[in-house]
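First comes the structure, then the notes that go with it.
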């Protein structure tokens, strides 16, 4: 690794500032999904075991920066963490002027976005945060693509900055899949829009043997192949771009199995009847909401040959049971595969949970935007600053 990891750093009697991703759903003052909190436990526990004091920072939701708003308070998260780790967790509402914490203790700071200057990573705020600790640990991959005070600025000004256990595992899994994949490699890119994933598709073309498109993205590719998509979600202005990607894939020998059959409906509704049709038969008043059984079989066959699988996005509107078959079949193909598999993004995680394949995916990334930017080949500011600090 080109940056320091938690295990490279002396933590005894040190105040350790940890940027975690505790942006979790809270309803009626209770945390409703603890996945992200649980993911941070190994880092927190390691610091405590090494004799350090833990100061946790995170954002929650999108409050107006610089203003306190009780609905975005991290106090319920501190309580949830205390229950999970079975230790007291102090809560610091006003923390920028100093945090009272001793070795073996945990403090959860209030939402970083209540501080003016967080998003722009102002020097004043960054220096103030850095002065609270001796060591900074970045463990929130989900925010690594943002150069903010609690992810980037603090690392710049604190004496020692390193990656936490979760972040280290995340980068290792993604690098294994993207930089040194065992071939053949397959990538699944689904979701509603080509525009948000265009650079991902282009970047992956040079790395994969199989590129599977799904959701609204697939509709744009179906249109690029000359078929009408009726009332389906697609992007007319990107049809030419999709045509170029298909041509480039052909030249590179990359297989893009554009759906040959689909499940359509007359309306976008949970109760709509799913009708299976060839792509050439989609009527003007119909919308494509899932891939069809023939397309499922083609994908399953292709994935059997893969040694590395990267998955971002569903292939249909899996939230509606009538249009979940394609994503379910894809999930089961990945679950049954011997390949090293990495999955990421909110919808992908929801699909993994819905179809119960969590234990069959090699690595599940909790990140959304950062996961996509990594797939695009972009540099992530919060990772880059850790690399710079390691050289100094």
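Glycine too: its Cβ is placed from the backbone N, Cα and C atoms.
Taken from Swiss-Prot, the feature substrate binding site covers 21, 22, 23, 36, 59, 60, 61, 62, 113, 146, and the record attributes it to sequence analysis. Secondary structure at residue 59 (substrate binding site), taken from DSSP and collapsed to helix, strand or coil, is coil. Every protein chain considered, the tally of other Cβ atoms within 10 Å of the Cβ of residue 59 (substrate binding site) stands at 26.
The Cβ of residue 347 (ATP binding site) has 190, 191, 313, 314, 318 as same-chain neighbours under 8 Å, each 6 or more residues away in sequence. Annotated ATP binding site per Swiss-Prot: 197, 319, 345, 346, 347, 348, in sequence order, evidence recorded as sequence analysis.
Geometry remark: residue 61 (substrate binding site) versus residue 346 (ATP binding site), CA distance 15 Å. Ranked by Cα separation from residue 21 (substrate binding site), the binding-site residues 197, 319, 345, 348 are led by 345.
The binding-site residues recorded for this entry are 23, 59, 113, and the Cα of 23 lies nearest to that of residue 319 (ATP binding site).
Once Cβ contacts within 10 Å are tallied over all protein chains shown, the binding-site residues 21, 319 are led by 21. Ranking the binding-site residues 23, 59, 113 by the distance of their Cα atoms from the Cα of residue 348 (ATP binding site) places 23 first.
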